[in-house]
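**Q** Okay, these came from TrEMBL:
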DOMAIN    11-142  domain 'EamA'
TRANSMEM  12-30  transmembrane segment
TRANSMEM  42-60  transmembrane segment
TRANSMEM  72-92  transmembrane segment
TRANSMEM  98-119  transmembrane segment
TRANSMEM  126-146  transmembrane segment
DOMAIN    164-293  domain 'EamA'
TRANSMEM  166-184  transmembrane segment
TRANSMEM  196-214  transmembrane segment
TRANSMEM  226-244  transmembrane segment
TRANSMEM  256-274  transmembrane segment
TRANSMEM  280-298  transmembrane segment
């Protein structure tokens, strides 16, 4: 028979790094935009996702609603996913880029916790330790005055805005972890494009309603900001595509570990283009969060490899 052409070694990890870079640049552009609400930025992101996914739905003939028994899960996947996106964009606007990025990397830890509660997956003492590490990292970044005193240094803007951004980032992380648990619950019975379709459509509807209620709908006055809005949509979509391709050709464990490059890129871009060096508190929090997320990824990776070997036997 004909031999299969060997895949390029490390291609999946390269896609992961490229995805992390695109997401980080999109976050940088979000920081550069002035007087545009995070909900409006999310709306543009949803429009680009719909434009990308629609041809895929037609090509794969998946339909637009999905299997009857899975529609409620798809709805909550889209609802929670869109909430996570809006809150994340708000966090990027309200607090330093590196701080918000580090908090989002607690997602794998909270995913393990929620999967233990709702899917009855195994939750060991190691998982508890990683969760405590992640919480410690968030505390170092938030620096609440009752622990660190009233004079909190290294905060972008007022502390109240920093606290709001921290709460938004944590809520975004919990929402994103919930969507992963829902996707695990649905399994492979629903096509990936259909999952993104629900995410984009429900997010678009929710953003339009929210903008009219808040009366925040307005295009940026500056042409540069309009270009940034388009680039955020394109870069976010590109980052999602490359991350998906990475997961298709590489194991989830190495991809999860390599995704910590998001934090590295956030630190570099913040220093180069926002003229803001991260504080030692942020660095310490980043080390705690990266250690916890990496430990969680390695543990899940080893567990999946062990299960695969048992199936072979």
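Placed from the backbone N, Cα and C atoms, the Cβ positions cover glycine too.
Keep in mind that TrEMBL annotations are predicted by a computer and have not been checked by a curator.
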**Q** Count the Cβ pairs between the transmembrane segment (42-60) and the transmembrane segment (196-214) that lie under 8 angstroms and are 6 or more residues apart in sequence, then report whether there are at least 3.
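**A** Per Cβ check, the transmembrane segment (42-60) touches the transmembrane segment (196-214).
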**Q** So what pLDDT does the domain 'EamA' (164-293) average out to?
**A** 82
**Q** Report, as numbers and ranges, which residues of the same chain sit near the transmembrane segment (72-92): CB under 8 Å and 6 or more residues beyond its ends.
**A** 27, 30-31, 38-39, 41-42, 45-46, 66, 100, 103-104, 164-166, 168-169, 171-173, 175-176, 178-179, 182-183, 185-186, 190, 194-195, 198-203, 206-207, 210
**Q** Take a look at 12-30, 126-146, 196-214, 280-298 and tell me which one has the most Cβ pairs under 8 Å to the transmembrane segment (256-274).
**A** 12-30
**Q** Which bits of the chain, at least 6 residues beyond where the transmembrane segment (12-30) starts or stops, bring a Cβ under 8 A of a Cβ in it?
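**A** Hits for the transmembrane segment (12-30): 41, 89, 92-93, 97, 100-101, 228, 231-232, 235-236, 238-243, 245-250, 254-255, 258-259, 261-262, 265-266, 269-270, 273-274.
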**Q** Using a Cβ-Cβ cut-off of under 8 Å, list the residues of the same chain that are 6+ residues beyond the ends of the transmembrane segment (280-298) and lie near it.
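**A** Tertiary neighbours of the transmembrane segment (280-298) are 96, 98-99, 102-103, 105-109, 112, 126-127, 129-131, 133-134, 136-141, 143, 154, 252-253, 256-257, 260, 263, 267.
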**Q** Run through the domain 'EamA' (11-142) and tell me, per DSSP, how many residues are helix, strand and coil.
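**A** The domain 'EamA' (11-142) comes out at 110 helix, 0 strand, 22 coil.
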**Q** Count the residues of the domain 'EamA' (164-293) that DSSP assigns to helix (H, G, I), to strand (E, B) and to coil, and report the three numbers in that order.
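**A** Its residues fall into 110 helix, 0 strand, 20 coil.
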**Q** Could you tell me what the rest of the chain brings near the transmembrane segment (98-119), counting residues at least six beyond its ends with Cβ under 8 Å?
**A** 24, 27, 88, 91-92, 127, 130-131, 133-135, 137-138, 141, 162, 165-166, 169-170, 172-174, 176-178, 180-181, 184-185, 256, 259-260, 262-263, 266-267, 270, 278, 282, 285-286, 289-290, 292-293, 296-297, 300
